[in-house]
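Student: Just lifted these from TrEMBL, have a look:
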DOMAIN    59-156  domain 'BEACH-type PH'
DOMAIN    160-445  domain 'BEACH'
REPEAT    580-610  repeat 'WD'
REPEAT    629-670  repeat 'WD'
REPEAT    671-712  repeat 'WD'
REPEAT    752-787  repeat 'WD'
Amino acid sequence: MEYVFELDVSGKVEDVVETLLQLHRASCLDKLGDQTAMITAILQSRLARTSFDKNRFQSVSEKLHMECKAEMVTPLVTNPGHVCITDTNLYFQPLNGYPKPVVQITLQDVRRIYKRRHGLMPLGLEVFCTEDDLCSDIYLKFYDPQDRDDLYFYIATYLEHHVAERTAESYTLQWQRGHLSNYQYLLHLNNLADRSCNDLSQYPVFPWIISDYCSSELDLSNPGTFRDLSKPLGALNKERLERLLTRYQEMPEPKFMYGSHYSSPGYVLFYLVRIAPEYMLCLQNGRFDNADRMFNSIAETWKNCLDGATDFKELIPEFYGDDVSFLVNSLKLDLGKRQGGQMVDDVELPPWAQSPEDFLQKSKDALESNYVSEHLHEWIDLIFGYKQKGSEAIGAHNVFHPLTYEGGIDLNSIEDPDEKVAMLTQILEFGQTPKQLFVTPHPRRITPKFKSLSQTSSHNASIADSPGEESFEDLTEESKTLAWNNIAKLQLHEQHKIHKEAITGIAVSCNGSSVFTTSQDSTLKMFSKQSKMLQRSISFSNMALSSCLLLPGDATVISSSWDNNVYFYSIAFGRRQDTLMGHDDAVSKICWHDNRLYSASWDSTVKVWSGVPAEMTGTKRHQFDVLAELEHDVGVDTISLNAASTLLVSGTKEGTVTIWDLTTATILHQVPCHSRTVCDTAFSPDSRHVLSTGEDGCLNVIDVQTGMLISSMTSDEPQRCFIWDGNTVLSGSQSGELLVWDLLGGKITERIQGHAGAVTCIWMNEQCSSIITGGEDRQIMFWKLQY
C-alpha cells in the first residue's frame, strides 16, 4: 500500500524524510532493547539541539526559574519537548508543536500537584487546576528524577502560600463528616495513589457497586441489590474461589490467587472503545477485539466478572460520571458482528435503566447510597489499604501477581536491555496495584441513621415535619450550630484579675451566676458574675491546684492538687467536706460522671473512683473505692470523657494519646502522635473522633473506631487548651491569642487577641453562647458571641 502525505510548511520535506528514515532504521533492528536505545538517542539529540522559545512568554517581565527536557504524557503516547517555569507560569513546548505550539498553565490557577510513578520510575508530575475534576491539566514525565523534584518543590512552595496541602487523612475526615461524596473521595484516593487518566496502566479504579442487572426496578433500600464490598471481585463467587485457592496452594513461590488484575490498559480500553477507538487499535496492533469479547452489555460483563476463570476487573470512574458517550456508538464504528449475527453497537443496559443517562444517574445514586456509605471503607481496605499486601491480603483472598505490586521487581537490576524492555512492557500491560495509602483499617463513614442532616440529601427529609413540632433539643442543636458557625465573632465582654498565679481550671454554676476557678497560687476562688465581686477564696494546702469541677446540683466543688490529693468543698457549708488521698504524685486533671470520679496523675495512672454521688452530704466522711486503674508508661497530663462516659482519652508527658474502653478498663488505641507533652484532649460530640493538642504545636484528629490519625495540623506555638464541635476548633495558644481552626479546610481562619500570657483553660456553656478563658496573666476573661 502507498500513502501520500502533504506538509503544511514547504521546505521541511528534507527534515521529515531524514527523521522518518532514522526511525525506520531503528524499527528494523532485531532486538527490542536496541530499537529503544536508538529511538532514545535520536530523540535526545533533537532535544539537545533545541531549547525553549522565550518569545512564548506571556509577559516581558517574567523571570525564568528553570528549564529542562521532559515529555507530556497522554494515554499510550508521550510527547517530548521542553518545560520552562517562571515566577508566574509553567510552560511546555512540544518538539512537534502538537497539540499546540505551547501549553501554558498560570501558577495562580494550580490547585493540586502530585508526584507520579511513570513506567515504575519516580519521574512523573501531574498538575490540576481544579479541585474535583477527573482529568488533570498536564502530566509531565521527566528524564531525571532531580528535575522532577525541583519543579515539584518550586510549584509546591508557590502553592503553600495559596493552597492547603492535602493528605489522604485530611480527605478521610472530610468524607467521614459528609463534606465529600463517595465519588469525590474515591477520586482523591485514586489521585493520591498514583492513578491518572493519562496513564492507562494506572487508570483510576472504581468498584462494581450494583449486583442486580435483571430486575425492572432498582431497589436501593435492599442490601441484596449491592455487591459485597468486603471481598475482592475474585472472591465473590464461592465455587470459583475454591478452584483458585486449590491452585494457589499447589503453586510454588511466589504464589498468587489471580492471574489477571482488576485494572489494566486492556480493561480500561474495553470500557472506552466507543470513545477512544484509536487507543484500542494502538494497543492491539490495528485491530478491534473479537466482537463477542467486546463491551456489549452491562449484565454480561458483570456475569463474566463473577463467573469467568480469568476476569476480575473492577470499573472506571466514567460509570459514576455524567458523560454517557462511552456507552453509545455515536462514532458509528464497525466493531464487528457477534455469533448470533447482530452488529456490536450501543452497550446493552439493564432493564431498570430507561436510557444511558438514567443508567449513570442510578449508578451514581447507588454509589452515594446509605448501604455503600456504610461499607465503602471495606473496599478501600482491599484496594488502597491494609488488606492490599501481606498476611491481611492472603486472609482476604486479595493476592495478585507479584509484578503488579509497587517494588515487586527492581528494573535497574536487569542488565539485559531486551529483557528490561520486555519486562517493563509486561508490567505496564498487565496492570498495577495502586500505591498503598493506609496501613491500618480504614474508618467507616458517619451515616445519619434517621433523618438526613447533610445538605446534599435534605430534599429527602420528611415533609411531614411541621414547624410547630420542633423539640427543645432541636432548637438547642440549631443554636449550637449557629454559634459555632459564628465562633470567629467572639467579643471580649469583661475581664478580672482574681488570682496571684496562672489560672488552671474553670467551673460555672448552672444558672451562670457563680464562677469557680483554681490556680497555681493554691487557691480555689468563687466569683459572682452579677456583682463582679470575689465572694470566697479557699486554700487546701500550699501546693498548686490543677483543675476543678462542679457536681450537678451546684452544692460541691471538687479540686485536684499537686499535693497528690483531690479536695471536696461544700458551697452550702462553706468548708472542706472531704479529701481523697488517691495518688503518689500530683493530680493533673479530674472528670466526673454518674457517681464516678476520674483522676489523672503524674504517677502514670488514671483512677476511676466509685461512690461520688452528685449530692455529697456534708456530714460524714465518704468511702472512696477504686473501680479501675488505667496504667500508663509515664505521667498523665490530661484526660477527657466521651458524652456517654463509655470511653476515656488520656494524654501523657511523652506525647502519647490513649483511648480507653471504660466498660472493660482496656486500651482501644495508643497513638504516639505528639513529639512533646499532650496539653489537652477531647472527644467530638458524636464520640467518633478525638482531638489532641500538644506542646509541639500540633492539632491531631484520631478516628476512635480505628485509631487512625486522620488529620494533623500545626501552628508555630503550643495550643494549651481548646473546645470543639467536631468540625471547628477554638484553641487557646501559648501567646495568649484564641485561634479558630477549620479542621475540614485544614487552616486557621481567625486569630482573636486575648490574654497577655498563655491561655491555660477554656469553658463554654451548653448553648455555646458564652465562653470564659483563664490565663497565665492571672486574668479570667468573659467572652460573648455577637451575631
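Cβ coordinates come from backbone N, Cα and C, glycine included.
What does the local environment look like for each feature on the list?
Tutor: For the domain 'BEACH-type PH' (59-156), the model's pLDDT averages out at 92.
DSSP assignment over the repeat 'WD' (580-610) gives 0 helix, 21 strand, 10 coil.
Tertiary neighbourhood of the repeat 'WD' (671-712): same-chain residues 169-170, 172-173, 176, 438, 440-444, 446, 637-644, 647, 649-659, 718-726, 729, 731, 741, 743, 746, selected by CB-CB distance under 8 Å and a gap of 6+ residues from either end.
For the repeat 'WD' (752-787), the residues of the chain that approach it from at least six positions outside its boundaries are 476, 479-480, 482-484, 486-508, 512, 515, 517, 519, 527, 529, 547, 718, 720-723, 725, 730-740, judged by C-beta separation under 8 angstroms.
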Student: Near the repeat 'WD' (629-670), which residues from the same chain, at least 6 beyond its ends, have a CB less than 8 A from one of its CBs?
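Tutor: Hits for the repeat 'WD' (629-670): 585, 588-589, 591, 593-594, 596, 598, 600-608, 676-683, 685, 687, 690, 692, 694, 696, 700, 702, 704, 706-707.
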Student: Could you count the residues of the repeat 'WD' (671-712) that DSSP puts in helix, in strand and in coil?
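Tutor: The composition, in the requested order, is 0 helix, 24 strand, 18 coil.
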